[in-house]
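Accompanying notes for the structure given below.
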Amino acid sequence: QASPSARSFQLDYEHNCFLKDGVPFRYISGSIHYARVPRPAWRDRLLKMHMSGLSAVQVYVPWNYHETLPGVYDFAGNRDVEAFLDLTAELGLLVILRPGPYICAEWEMGGLPAWLLWKPDIILRSSDPAYLAAVDSWLHVLLPKIKPRLYQHGGNIISVQVENEYGSYYACDYGYLQHLLGSFRALLGNEVLLFTTDSTRVEELRCGTLQGLYATVDFGPGSNVTEAFDAQRHVEPKGPLVNSEYYTGWLDYWGEAHASTSAAWVARGLEDMLQLGASVNMQVLTLLSWPGADYNNQYKPVTTSYDYDAPLSEAGDPTEKLFAIRTVISKFQPLPVGPMPPATPKYAYGWVALQKYADLLDVLDVLCPSGPIQSQFPLTFEAIKQAHGFVVYHTQLPQDIPDPATLGVPPHSIRDRSYVMLQKKYQGTLERDGQITLRVTGKAGDTLDMLLENMGRISFGANTSDFKGLLGNISLDYSPLSNWLIYPLAIDTAVQQGWPHAAMPKSSSRGRAGPTFYTGIFETPGIAWDTFVKFPGWSKGQLWINGFNLGRYWTQRGPQQTLFVPGSVLHVGRPNNITVLELEGAPLTPLLLFLDRPLFNRTLSHSTSATE
């Protein structure tokens, strides 16, 4: 172990490698998202990565996970990034840090806080002074926590990435990258190795790289390794070859087939890179959390499970792919001595009956304690400072409509789904890039409620300013409706505080259609093991257990059919409280099924069969 004064991690342009304490070095690293892994499982996942032969882990820091409102910071519990970094050091892993400010990672808005959009004309990821002011104030909070953990200062962070795949963003603003370089240098010092990552496309490398930041590339097993590294050589003629994000799998979108990449293919690409002496970081492990969305002529929300067909599964189980990667690594460097820690135990808790608690519209007093906002016309989530979740828009029909009239919105103004109720009766759903009209009848004064759902802000590509809610007027036969009451809902907060299990059920005669809360309880048989929950015959909604938000299910679209429930959220010796918000329609007998394995591959566009 070199003394702190002698510790260094730098580039060797003469021998095209890294130098660690003056000795040639290359890393084989895996990405881990502490924000997607429950804190009690951090050690298990890191240990498995260490035992796979990885010498380093790459860690993303999502800005919006820590600065939830301007100047309001959360580094407690699962968000304690310093505790996570300390654990990596304790296990002898080096760290490549990706603090953003933009990280992509298929995370809501690429890690940028939604509150940036409170200034509607802000230009994200650019030299816009409003954006830079927010970035700088965040970096002044985050980077001082990082500096003492840098390798040069006796810590284990060997390099820090600035921005992420900036070349794929339309702005191509060198002034912005220059500003970030200045801020990172000012807060982290001149010794730390700073780098960028972009795809191998020429125009992306042109816009994403900057003198003073070492340029690395990312590509997957389908690429020709030599050609891909030639692209890096185009911008960095000398220095180590680096693939900063070797895709070992791909992500799932709702309503599309489950993605998978073969283990042999991944292993072969890895071996080709290591043979060239390259340093590689792989997507190794991932989990549930704040899914974002992609946009390529159509809005594509990412599923809750970020399993990514990864070498370590969502539950932290080593897969065939992990062992294939480990075998390749063993050809190039010695593996740690000892066995791979086993898969975590799973338990099939079986069927659990739920009962209807209340229709969402009957509990607005609980979900929106501050009361509604009055507005002539609809306002966006951002205009009412609601980042995530749901907002109810309420108005009344201005006149009798004896014959069916068209309730509609302009194209692209439903962000992202709207559940429509007339006189508290569910009429149907409008959705972004989908159906935007319904036929309705009614009387003057009848109530019209629209529950708007944010399905995740776009995390990659040209337009990251993804406003949510109603972005245009709702009209009846082309005449706009006015006089709205807008209810920003704090469902997560209410459920975290024990609602509705602490409250008395609201009796309600209305049926099973439309946004409705269901509750139930189950006991564990003296053990709290990981489990997977399936929603037979349910449509679409959200699940909480013991106040912990486990994400969205969308049984009718797929491919994801189960949600992962980490054992750490379950109680032993007292009941576990289940809360479900079903948005479209629950089955006649509302049951959940707890299994000991996940189910993916079913993409159901229209069928609602409950059988497997």
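Backbone N, Cα and C atoms are what each Cβ position is placed from, and that goes for glycine too.
TrEMBL: automatically predicted annotations, no manual curation.
Now, the feature entries from TrEMBL:
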{"type": "DOMAIN", "residues": "18-331", "note": "domain 'Glycoside hydrolase 35 catalytic'"}
{"type": "ACT_SITE", "residues": "Glu165", "note": "active site, proton donor"}
{"type": "ACT_SITE", "residues": "Glu245", "note": "active site, nucleophile"}
{"type": "DOMAIN", "residues": "378-489", "note": "domain 'Beta-galactosidase 1-like first all-beta'"}
{"type": "DOMAIN", "residues": "515-573", "note": "domain 'Beta-galactosidase galactose-binding'"}
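Recorded residues the residue listed as 'active site, proton donor' and Glu245 (active site, nucleophile) have their alpha carbons 10 Å apart, per Cα-Cα distance. Applying an 8 A CB threshold to same-chain residues 6+ apart, the list for the residue listed as 'active site, nucleophile' reads Ser31, Thr197, Asp218, Asn281, Met282, Gln283. When averaged over the domain 'Beta-galactosidase 1-like first all-beta' (378-489), pLDDT in the model lands at 92. Around the residue listed as 'active site, proton donor', a 10 Å sphere centred on its CB holds 21 further CB atoms from the protein chains shown. Counting residues per DSSP class in helix, strand and coil order gives 3 helix, 27 strand, 29 coil for the domain 'Beta-galactosidase galactose-binding' (515-573). Residues of the domain 'Beta-galactosidase 1-like first all-beta' (378-489) grouped by DSSP class, helix first, strand second and coil last, total 3 helix, 58 strand, 51 coil.
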